[in-house]
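Following: one structure in structure tokens, then a few remarks.
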Amino acid sequence: MIRTWIALVPNDHRARLIGFALLAFCSVVARAVGTVLLVPLMAALFGEAPQRAWLWLGWLSAATVAGWVLDAVTARIGIELGFAVLNHTQHDVADRLPVVRLDWFTAENTATARQAIAATGPELVGLVVNLVTPLTSAILLPAVIALALLPISWQLGVAALAGVPLLLGALWASAAFARRADTAADKANTALTERIIEFARTQQALRAARRVEPARSLVGNALASQHTATMRLLGMQIPGQLLFSIASQLALIVLAGTTAALTITGTLTVPEAIALIVVMVRYLEPFTAVSELAPALESTRATLGRIGSVLTAPVMVAGSGTWRDGAVVPRIEFDDVAFGYDGGSGPVLDGVSFCLQPGTTTAIVGPSGCGKSTILALIAGLHQPTRGRVLIDGTDVATLDARAQQAVCSVVFQHPYLFHGTIRDNVFAADPGASDDQFAQAVRLARVDELIARLPDGANTIVGEAGSALSGGERQRVSIARALLKAAPVLLVDEATSALDAENEAAVVDALAADPRSRTRVIVAHRLASIRHADRVLFVDDGRVVEDGSISELLTAGGRFSQFWRQQHEAAEWQILAE
């Protein structure tokens with residue numbers, strides 16, 4: 001855990017980290033010396049020359065004050081390091097997420113990333129003062145006390161030194177017991193978080209299916225798993241605590257027995273033995289403190305583990321190339337491209353090659369799961385091919401830096417996401433520097449102006465989280481306006497009309513067709529009515545382009561596209577007749 005935390009310390013604070021470690025060690029030495037000085041103090045106080053106790057009292061006072069000062073300075077530096085780690089870590093996590101490969105964002109990893117950002121503040125800031133310092137004391141203070149006892153009684157010093165690995169081993173074993181169960185509990189808590197969020201978001205579907213009781217849903221299973229994991233955690237903590245308790249009692253018996261034997265034989269005086277009892281308590285105190293901090297230590301370990309999992313998540317390696325400025329409409333080319341997701345059963349695309357001419361509109365059609373959306377993702381640079389190249393005007397997309405990849409493409413997703421804010425904010429997110437006239441043109445083309453006209457607050461209407469205040473068709477229109485506002489030479493549309501009614505579908509199709517900006521357009525469609533303006537059609541099946549041509553050419557050929565077209569037209573003519 002400490003190694004993980006040290007790795008998170010910014011480079012410009014490493015010198016302060018070294019200073020913190022040195023001061024913490026000096027503080028431990030001061031406290032150990034102050035503890036052991038009780039022995040000569042008591043011996044002098046009850047000896048033949050009590051006035052000599054003033055000397056030892058002075059040394060004890062000096063050691064105590066030095067310990068206070070060192071602790072105060074160490075705590076201040078520790079808090080500074082905590083805030084530095086917090087700021088550095090949150091920025092690192094935020095910077096890492098945009099370049100992490102999209103297939104990493106499973107439900108579990110998404111919850112991990114959310115917890116890594118949201119739950120790190122108090123733990124990281126207080127980690128040094130509340131956990132690192134006590135943990136360091138538990139390891140160093142008993143050992144330093146044992147070394148300081150050697151000049152007083154080598155027998156006691158050896159016994160105390162022997163007790164250090166015994167007690168640390170018991171602490172380690174106790175933590176190992178708890179850690180195994182805590183890992184399962186942490187996974188169960190993460191799964192429960194995701195299931196509760198899912199349960200809240202899908203209430204409409206659950207109520208329609210009469211499955212609103214948590215016990216009958218995945219939430220019920222997650223709650224049961226979390227309960228089992230919690231009980232296991234408690235069950236594993238108890239044996240660990242008993243083990244440490246036994247080790248502490250054994251260490252106390254050995255030290256007390258050694259002190260008693262040395263006192264009986266006359267090696268130690270009674271006042272020295274009494275003082276050594278206090279030293280024994282101080283010797284065992286750090287171990288007890290750390291055992292009480294075990295839950296907090298495991299919680300912090302889990303937090304650092306979540307941060308580490310995000311910071312080590314696989315990333316897309318972007319190039320360093322830039323995209324030329326200007327309004328040049330590019331050519332898009334796939335050169336023997338293959339792609340597969342990690343852990344997938346096989347390639348999603350295999351041997352895909354085609355060339356899309358500048359300024360044309362190409363429709364990609366095919367059955368569900370054939371790889372249509374993956375082609376768009378590769379053009380946009382959201383994924384990188386496992387084989388082959390994706391070229392834009394002869395430039396490999398993989399060689400472009402992230403900013404260039406973002407500048408080339410404007411994307412309309414099948415399930416658009418609107419940020420919590422106004423309609424204006426969401427449209428301007430594509431190009432914050434756009435003018436009001438450009439904004440007005442984009443919302444008019446996407447027919448968002450009709451929506452704005454009937455809303456009391458117009459373009460300043462709050463859309464809610466993920467656009468929840470708008471209907472599905474309205475959200476899609478806003479996303480179309482956002483895509484049209486961006487001055488990108490490539491426009492990618494991923495099944496933008498698949499879940500829309502006829503009116504909204506017509507509005508979206510007309511908006512894309514009326515866009516006056518010269519672009520190379522690629523439209524993925526499942527409903528063929530939305531591709532009537534396409535210059536070219538690629539029919540994809542099982543990860544390969546099986547047909548390529550214009551709509552009329554493919555219909556005349558009588559192949560897969562023709563069959564697809566005929567099936568949809570027949571479905572559109574279905575009617576329910578009343579008898």
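Just so you know, glycine gets a Cβ as well, placed from its N, Cα and C.
Taken verbatim from Swiss-Prot:
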type	residues	note
TRANSMEM	17-37	transmembrane segment
DOMAIN	17-299	domain 'ABC transmembrane type-1'
TOPO_DOM	38-52	topological domain 'Periplasmic'
TRANSMEM	53-73	transmembrane segment
TRANSMEM	116-136	transmembrane segment
TOPO_DOM	137-158	topological domain 'Periplasmic'
TRANSMEM	159-179	transmembrane segment
TRANSMEM	238-258	transmembrane segment
TRANSMEM	261-281	transmembrane segment
DOMAIN	332-567	domain 'ABC transporter'
BINDING	Gly366, Pro367, Ser368, Gly369, Cys370, Gly371, Lys372, Ser373	ATP binding site
Under a Cβ pair cut-off of under 8 Å, which of the recorded stretches 17-37, 53-73, 159-179 contacts the transmembrane segment (261-281) most often?
17-37
Near Ser373 (ATP binding site), which residues of its chain come within a Cβ-Cβ distance under 8 Å, counting only those 6 or more away in sequence?
Gln414, Asp494, Glu495, Val524
Tally every other Cβ atom lying within 10 Å of the Cβ atom of Gly366 (ATP binding site).
25
Within the same chain, where does the topological domain 'Periplasmic' (38-52) have neighbours whose Cβ lies under 8 angstroms from its own Cβ atoms, ignoring anything closer than 6 residues to its ends? I mean 6 or more beyond.
60, 152, 269-272, 274-276, 278-279
For the recorded ATP site formed by Gly366, Pro367, Ser368, Gly369, Cys370, Gly371, Lys372, Ser373, name the remaining residues of the chain with Cβ within 8 Å of the site's Cβ center, in chain order.
Val540, Asp541
Quickly jot the same-chain residues contacting the topological domain 'Periplasmic' (137-158) by Cβ under 8 Å, restricted to those at least six beyond its ends, or write none.
25, 28-29, 31-33, 35-36, 39-40, 164, 167-168, 171, 255, 258-259, 262, 267-268, 272, 276, 279, 282-284, 286-287, 289-290
Identify, in sequence order, the residues in the chain of Gly369 (ATP binding site) that are 6 or more apart from it along the sequence and have a CB within less than 8 Å of its CB; answer 'none' if there are none.
none
